[in-house]
């Protein structure tokens, strides 16, 4: 018979068939703790247990976890207390927002745990500590030099803590302590004699198992005493044990299982597995004044939990929560801002419809007809899609989470399609002008509206294909993100967290880059066409200058708006304002630049000649010529213009050659006159020499004349073959 073993492993009758324990096991108290948790409906549980050499606390903790999992409770963590890192264990409880904590540790370790819990603010009515063990009276106030908490702090730390103990243990402050036991002593008398013995031995304290040891000895005495009559019937005595161990051992086991008497620790009786009868498990609660008060009991046999009194266990009468209730508050766009953007978007749609009506009404006017009215209608359709996108950006989770998911997908689709339809139509118009005026020698076929719509259809097809692939493979969905750095407010049991809604999905960044690249290529293509056709001088036909201005504005605003919108994602109001402002401004500016000049022109001169360059009518064309009613005539006009340019270029080259020939001829004549003059001077000079040479002899005259003549011939031959040798006179 053991007086100090609580291990659950010792209840295994196959391995320990003859073991009895005067000290109750942990099983009933563990079941009581689980029943307590189930009664109050707590779902999230954390456990802590002390590391011991016999692993008693570990086994008890394992049973609690096993029982909790059977009733579908969540185990947040299970911390083993080694004594070295209690601070870290408590910090982990705080991190996991543990409110219900099952502790399996003895008094000394319990004091250290609650001291650290006080420092970490893990105490009070908000937290439920469920302990197991036979703790001494005012155990929390026992002096401990290793603690850094005062007595008052420890009293506050253990307030509202629950301790589950076996009711059979009779302490001195119970009424049962005055009942006389089998030994003839009451429980109170036993403890008085016990303290007297300790005082004589000069011992200040002793283990709590002393009373269990006393009852264990009385159990042995009772068992032996009851076995004597049975042994006599068998012709045996107690002294014959070693002669017949097997039979006498079986007799002793049967006798112990039938024992039932009142000891100083309560009623002594045993179950079939040798464990002591637990009786009712007593549930105590530490009050803020430091006293432990009985608040309930648990019958392990009947599996029934009973509360004492009215059950007001906490100061406000409310059952503590097993977690902090997180209240999600969404950062939403102000209603007034949504209304403002919606009104502006509505005005934009009205403006686009006005331009559409204007375009349809005056589509037969020569000025409008040459500007491709069908494509103008498509441009306006793209603008309307862009305006509708602004409405979608104003819708958030206030509709419903599911609706928001569809809305966020529609945003991307309408924005992308609106851009492709609007700008694609503009670029198609410019492409026709480019084909007519820059590829005249190569292309003789007229570029009709059907060709332009095929080009636009190709762009829209690519856009739709990309959108369909994205929405099929990795569709964006509603995602709730906690705002980092946002102010979070706490009260006793609630936490308010500021969140925002975003539209994201798998590989979201990759898809955004794909669409940015696709639309950037459209802008680059438009810029190229606008630059190539910038010198075409028929305003009604060529919108390249206006398209160029539109593209420049779009590129500039997107270059600023897109990066800023990414950085302002955490601020929905700022992001919404920026995105909607860019869409509204770009769309309105583009439509205004393209259509306002047409409205002004029709207002000033409805039937004016659209083929004017800077206010002057194009040469060779007059109002009412057939060319104004056909794109073929326009292309012929462009071909004539190109041929005129070639002829003018040839004339300029001929004029330059003629000027060069005249200049060379003039130079030759001047050189010839200069040489004639020099010859005359030489003739004049040598015409006088014979008279003077008459005195000096004929040889000198002949020599001088021949030398001059040779020099003149050499000069004549070196003059580029233009002048020939002349005879000397």
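For all residues, glycine too, the Cβ spot is worked out from N, Cα and C.
Under the heading transmembrane segment, TrEMBL lists 333-356 (among others). Residues 376-377, 380, 383-384, 387-388, 390-391, 393-394, 396, 572-573, 576-577, 580, 584, 587-588, 591, 595, 599 of the same chain sit 6 or more residues outside the transmembrane segment (333-356) yet have a Cβ under 8 Å from a Cβ within it.
Marked as domain 'G-protein coupled receptors family 3 profile' by TrEMBL: 337-609.
Residues or ranges marked as transmembrane segment by TrEMBL: 377-394 (among others). When Cβ-Cβ distances below 8 Å are used as the criterion, the transmembrane segment (377-394) is approached by residues 333, 338, 341-342, 344-346, 348-349, 352-353, 355-356, 359-360, 407, 410-411, 414-415, 417-426, 456, 576, 579-580, 583-584, 586-587, 590-591, 594 of the same chain, each at least six residues removed from its ends.
TrEMBL lists 414-431 (among others) with the feature transmembrane segment. Same-chain neighbours of the transmembrane segment (414-431): 371-372, 375-376, 378-379, 381-386, 388-389, 392, 447, 452-453, 455-456, 459-460, 463-464, 466-467, 515, 519, 522-523, 525-526, 529-530, 533, 542-544, 547, 550-551, 554, 583, 587, 590, 594, counting only residues six or more beyond its ends whose CB sits under 8 Å from a CB of the stretch.
Summarising the annotation, TrEMBL assigns transmembrane segment to 452-473 (among others).
According to TrEMBL, the transmembrane segment annotation covers 508-531 (among others).
Residues 423, 516, 523, 526-527, 530, 574-575, 578-579, 581-582, 585-586, 589-590 of the same chain, all 6+ positions outside the transmembrane segment (551-568), place their C-beta atoms under 8 angstroms from a C-beta of that stretch. Annotation comment: TrEMBL describes 551-568 (among others) as transmembrane segment.
The transmembrane segment annotation in TrEMBL covers 574-596 (among others).
According to TrEMBL, the feature coiled coil maps to 630-664.
Note on the transmembrane segment (452-473): residues 372, 374-375, 378, 409, 412-413, 416-417, 420-421, 424-425, 428-429, 431-432, 511, 514-515, 518, 522 of its chain, located 6 or more positions outside it, place their CB under 8 angstroms from a CB of the stretch.
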